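Taken from TrEMBL as is:
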- 1-38: region 'Disordered' (REGION)
- 10-23: compositional bias 'Pro residues' (COMPBIAS)
- 28-38: compositional bias 'Polar residues' (COMPBIAS)
- 142-162: transmembrane segment (TRANSMEM)
- 207-227: transmembrane segment (TRANSMEM)
- 234-260: transmembrane segment (TRANSMEM)
- 276-442: domain 'Lipase maturation factor 1/2 N-terminal' (DOMAIN)
- 377-397: transmembrane segment (TRANSMEM)
- 409-436: transmembrane segment (TRANSMEM)
- 457-477: transmembrane segment (TRANSMEM)
- 538-559: transmembrane segment (TRANSMEM)
- 571-593: transmembrane segment (TRANSMEM)
- 650-788: domain 'Lipase maturation factor 1/2 C-terminal' (DOMAIN)
- 860-907: region 'Disordered' (REGION)
- 869-882: compositional bias 'Basic and acidic residues' (COMPBIAS)
Amino acid sequence: MHRPGGGGPPGAPGPAPRPPSATPPAALTSSRYSPSWAATSTSQFLESARRRAHTYDAHGPGDPGRCATYAPEVPRDALGAEQARGRGVRCRGRGQIGAGLAVAARAAGAAGRGGAGPGGLAGSCPADRVADMAGSRLPRQLFLQGVAAVFLFAFASLYTQIPGLYGTEGILPARRTLRPQGKGPWQQLWETPTLLWEAPRLGLDTAQGLELLTLLGTLLALGALLLRRLRHLLVYLLLWAAYLSACQASGPGVSLFPVVSDLWVWGFRRLGAGEGDSLLLETGFLAVLVAPLRQPSHHKQPPQGGLAGASPHEGLPFWLVRWLLFRLMFASGVVKLTSRCPTWWGLTALTYHYETQCLPTPAAWFAHHLPVWLHRLSVVATFLIEIAVPPLFFAPARRLRLAAFYSQVLLQVLIIITGNYNFFNLLTLVLTTSLLDDKHLAAEAGNSRRKKTPASWPKALLALPALLLELAVYGLLAYGTVHYFGLEVDWEQRTIHSRTSECQLGARGQGLDWAAVLIPLPSTAFTFHQFSQWLKMVTLPTMWLGGTSLAWELLVALWRWTQVQGLLRKLWTAVQLSIFGTATVAMFLVSLVGSTSQGTRRGAGRGGRSIAEPLPPGLQVPYSYMEPSTHGRLWTGAHRLFGAVEHLQLANSYGLFRRMTGLGGRPEVVLEGSYDRHHWTEIEFMYKPGNVSRPPPLVAPHQPRLDWQMWFAALGPHTHSPWFTSLVLCLLQGNEPVIHLIQSDVARYPFHKQPPTYVRAQRYKYWFSQPGEQGQWWRRQWVEEFFPPVSLGDPTLDTLLRQFGLQDKSPRRARSSSSALAQALHWVRNQLSPLEAPTLLWGLILAVGAIRVLQALLGPRPSRASPPPREEKHRPAPKKDPGANTDQAAPAPNSSSSGSQTARRKK
């Protein structure tokens with residue numbers, strides 16, 4: 001009969017089974033079978049297994065019934081759970097390490113860890129015991145799935161807004177920005193990298209080309225999310241190129257796509273859609289490097305964390321994901337203090353944040369009314385997670401990295417609950433997969449239920465210093481938090497005080513209390529000067545920390561390359577290691593420089609052109625600019641390398657929630673329309689605050705770009721947001737695509753029958769309502785007029801359009817519909833237009849979930865595992881009956897040598 005787990009087809013003769021051991025359980029504790037034996041004879045056993053590996057090679061790579069022979073006999077404690085259950089190790093095909101070497105390496109790992117657990121070869125060598133990327137096969141797959149999911153949300157969200165943003169009747173028609181400049185096609189493509197240059201060849205205008213691009217991106221991302229074979233390097237390259245092309249659809253200065261035009265308000269850049277787009281572009285390019293060149297089939301998949309079948313370079317690009325997460329979090333924490341924002345220094349930022357963020361959720365109302373001491377404690381926890389914890393990403397101790405992982409996940413989940421930040425926090429969660437390993441994910445999947453092998457005394461002895469190191473790190477973090485933030489508990493008032501700078505409310509500007517700011521008083525815990533000196537001291541060491549961690553990964557990759565068998569395979573892996581190793585080092589150098597263009601602020605100059613002015617040193621956001629003197633000490637080659645690829649968005653700069661806004665009340669712009677200039681009707685948006693009795697919506701992962709930009713516009717005069725004038729013009733003209741951005745149900749738009757004759761905008765201050773107020777979520781107060789009343793042909797409107805370069809001098813052309821492709825795009829748009837964007841995105845999420853469930857139910861079921869070891873101990877020893885052995889499995893003709901070697905070893 002066919003033996004479960006065997007490699008041959010049913011009915012085919014299989015290898016001779018190994019008879020159950022007659023050794024009594026007490027003998028298993030002898031020196032021969034103890035883990036210490038495996039530790040002392042690891043090198044001899046590896047060499048012996050390597051010499052015999054050819055005996056256990058598989059048949060041809062296309063043979064579905066490749067052999068599953070037993071590996072050379074190894075003591076049960078050394079082999080771990082897999083060999084103890086009596087299972088053989090499957091061979092993985094030609095050119096790969098044989099089953100004997102794979103089991104031998106697993107035995108060595110068991111000796112080093114006191115037993116092999118989930119994670120396979122992790123710990124099979126000194127490099128693998130410490131290297132954090134040694135067992136990252138499952139985290140890499142999880143990362144690629146997460147990137148595909150975020151691309152799916154980003155493309156689908158943008159697709160629903162293209163007609164209103166960049167269509168022929170949109171706020172900023174894309175045809176104005178992508179115009180040939182008389183240059184060669186390759187030079188034009190390099191200076192403005194976008195596939196939209198090819199839209200005319202397909203019979204499409206720029207907006208239709210953008211629709212096609214986002215639709216294809218959505219379908220490709222959906223395929224990569226559902227089908228493992230589509231998680232390929234070329235697929236992620238297409239996704240990255242498509243999103244980069246979409247980002248070029250808007251021009252600088254007046255863009256609604258802030259990834260191109262950085263929005264600066266009062267001289268400081270806030271977290272906007274640009275942060276999410278920049279992070280997605282950089283993460284998407286890293287996914288190109290992480291994705292495999294060739295996806296192995298399911299039955300050829302090597303063991304989790306195993307060396308067999310793994311390329312030596314696989315861990316290098318994935319290390320860049322960890323480095324990106326470190327840059328993102330560390331810079332986000334540092335800029336909160338370098339900006340000198342008194343709310344962050346006074347630990348009062350969260351008392352304003354929930355109320356004044358771009359698009360709050362209903363949970364933000366409840367979080368806003370939490371006790372003040374809890375808000376202060378939350379700010380301290382934010383600094384701890386964003387500044388003190390990120391260096392632990394590179395800690396050699398695995399449990400420290402896992403603790404850092406769960407702290408980052410906690411922060412991102414809380415932000416998702418209380419704020420609609422599109423896909424940004426989801427993408428940050430995807431980056432945190434770089435802190436995981438195969439062992440942890442396998443344990444989470446249920447493998448931890450297996451009985452663990454007792455650790456050897458050397459392993460137990462070394463575990464004590466590691467535990468002391470972890471406790472020392474946790475104690476140091478706790479002491480530093482209490483000491484440097486001066487936390488004091490007032491048990492009588494049941495509150496927490498801090499000795500950091502207290503703040504008082506002041507005002508600046510022309511008597512505008514909505515521009516109120518906090519003026520810090522001297523600090524008694526640490527001053528800005530002390531923090532600047534500390535930052536100057538640690539910035540360069542953090543770069544060296546990243547460089548040292550990268551060097552270790554390179555050494556591990558080189559060690560793995562030396563273990564590759566076969567001349568041709570060794571040569572091929574050497575080429576791969578050279579290419580991906582060079583790319584990894586280059587990306588690391590580029591990331592140190594960061595985007596120098598983000599060290600400037602943009603404003604509208606004459607003719608609507610964008611002008612750049614340098615920001616103060618403490619506010620420049622490239623990583624090395626956190627401490628300006630460090631930026632000047634970088635290698636000049638890194639600056640030249642970054643200048644060559646800056647337009648490709650391969651490395652960006654980050655710094656989230658630099659300053660709190662709306663300290664005197666949340667500023668909000670309310671549009672109004674009228675037919676007679678006496679009776680005005682408010683134009684309510686779907687997502688941003690307007691009606692005080694409407695609860696905040698749940699929008700994520702959708703990114704409503706117009707509602708976001710309305711929040712930015714309210715922070716300054718309308719001249720800082722030139723696109724706002726174009727929005728007013730579209731409302732006066734009654735452009736239906738723009739109206740769909742404001743209300744997807746046109747019947748809810750107050751001027752759906754006839755466009756308003758006049759349009760104006762008022763500025764209000766909004767606050768969350770108090771718990772006792774029934775039926776209201778907000779309170780508001782009128783502040784001033786934001787935009788004067790204008791009508792079509794009004795000289796004021798024409799002057800503003802001419803000043804910002806928004807007048808369309810060329811005649812508006814009708815949308816091309818002659819080609820079949822254009823007609824197909826028009827049909828798809830008509831089918832999807834009735835759906836609101838969040839409904840469409842959540843429908844995609846539910847569809848993906850349903851398909852994954854069906855895949856799990858209808859997919860191939862794994863073969864049943866053999867009985868656990870404890871059942872074998874109580875199993876009576878069978879009698880020596882040759883016929884019984886023959887009934888179970890007859891030896892295969894080509895495995896006679898294997899059976900003879902096994903018999904000789906038993907003698």
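Glycine too: its Cβ is placed from the backbone N, Cα and C atoms.
Annotations in TrEMBL come from automatic prediction, not curation.
Between the transmembrane segment (409-436) and the transmembrane segment (457-477), the number of CB pairs under 8 angstroms, six or more residues apart, is fewer than three, so the stretches are not in contact. A Cβ distance under 8 Å defines the sequence-distant neighbours of the transmembrane segment (207-227), meaning residues of its chain 6+ beyond its ends; these are 144-145, 148-149, 151-152, 155-156, 158-159, 162-163, 166-168, 170, 173-175, 195-196, 198-199, 235-236, 238-239, 242-243, 245-246, 249, 815-816, 821-822, 825, 828-829, 844, 848, 851-852, 855. Helix, strand and coil counts under DSSP for the domain 'Lipase maturation factor 1/2 C-terminal' (650-788) come to 33 helix, 34 strand, 72 coil. Comparison of 142-162, 377-397, 457-477, 571-593 by number of C-beta pairs under 8 angstroms to the transmembrane segment (538-559) places 571-593 first. Per-residue confidence over the domain 'Lipase maturation factor 1/2 N-terminal' (276-442) averages 88 (mean pLDDT, predicted model).
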